[in-house]
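According to TrEMBL, the protein has these features:
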TRANSMEM  12-34  transmembrane segment
TRANSMEM  136-152  transmembrane segment
TRANSMEM  159-179  transmembrane segment
TRANSMEM  185-206  transmembrane segment
TRANSMEM  213-232  transmembrane segment
TRANSMEM  261-283  transmembrane segment
TRANSMEM  320-338  transmembrane segment
TRANSMEM  358-379  transmembrane segment
């Protein structure tokens, strides 16, 4: 067994990772604006707190065949930051239960305001434009990190580092480079390779087990990519079936976006996590078996690896499928509510894209199993 991941090499690898992050941070701008010649208005987030529910009125209205009760809240709100800090404003909040709109507020809730001022800088009008959700989300993130560290110990801490690196690569590198006009396919391949190597080496060290997992993961992702590339072209999906894609098309960007390539990249990144998990599980199990039974034959070792792979395959394929289905529930419900038949649904651009993502990712995951098993057997000798 190779023992190359010593304390010194850990420090060296960690330092290189941090250095890489700072280099990329300095090269890639934080924001990519649509047009250099366009005027951009930056507004500060005006955080405010509801200090009093002044009054609540309920009005009964009839919409079609339904009787709807509208609830109108009069809120006294205190501004918490900016030049108007400490000032109070009164805002009316109308809640229509038949529509997705403003929530019912309680005393102590925090919101973000948009305000209008006169020439003297006095507030003339104000509106609630967003609920402040950052604090609960921060608490959730802290709980997640503490859970990882308490239960995972050192491995949990390494997992947090790799997760941070993954988020950085996807949000900071992948998305920003696409907006700058780079090819999404090329970027996604680079990002997947970087995430795979850093994640697996950080968690497992530099050894035969990790090398086997890296080769298996890379092979599985490549297979997913090849299959998705073929099917995307044969089905002629556009990649712009979602409202988000349509909205992105309407934004005047400096560089035109290739939505088919973005779809291809999304399939690669979406499949990466599950494929990496399966590959590492198989490699770890086979390595433990080899260490416990050094004289085990390659045939028996391969058979044991395939047993583990088959057990993992079903659950991870289900994980992929459920992840994609959960993102399309409202869309499918809409088609079913309109009594659309099965063929109409599966031939829709967006549904076809989701099916391609699910099946291409699952096929890549399936082929990851024998590839990882074979590589692990070869390296174990």
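One-based numbering along the chain as shown.
A Cβ is built for glycine as well, from the same backbone N, Cα and C atoms used for every other residue.
Contact between the transmembrane segment (159-179) and the transmembrane segment (358-379) is not supported: fewer than 3 Cβ pairs lie under 8 Å, counting only residues 6 or more apart in sequence. Outside the transmembrane segment (185-206), and at least 6 residues removed from its termini, the chain residues within Cβ reach (under 8 Å) are 2, 4-5, 9, 13, 17, 155, 158-159, 161-162, 165-166, 169-170, 173-174, 177-178, 213-214, 217-218, 221, 225, 261, 264-265, 268-269, 272, 276, 280, 283-284.
Listed as Cβ neighbours of the transmembrane segment (320-338) (distance under 8 Å, sequence separation of 6 or more from its ends, same chain) are residues 270-271, 274, 344-345, 348, 350-351, 354, 357-358, 361-362, 365. Long-range contacts of the transmembrane segment (358-379) within its own chain (CB-CB distance under 8 A, at least 6 residues past either end) are made by residues 208-209, 211-213, 215-217, 219-225, 227-228, 231, 267, 270-271, 274-275, 278-279, 282-283, 286-287, 298, 301-302, 305-306, 309-310, 312-313, 316-317, 320-321, 324-325.
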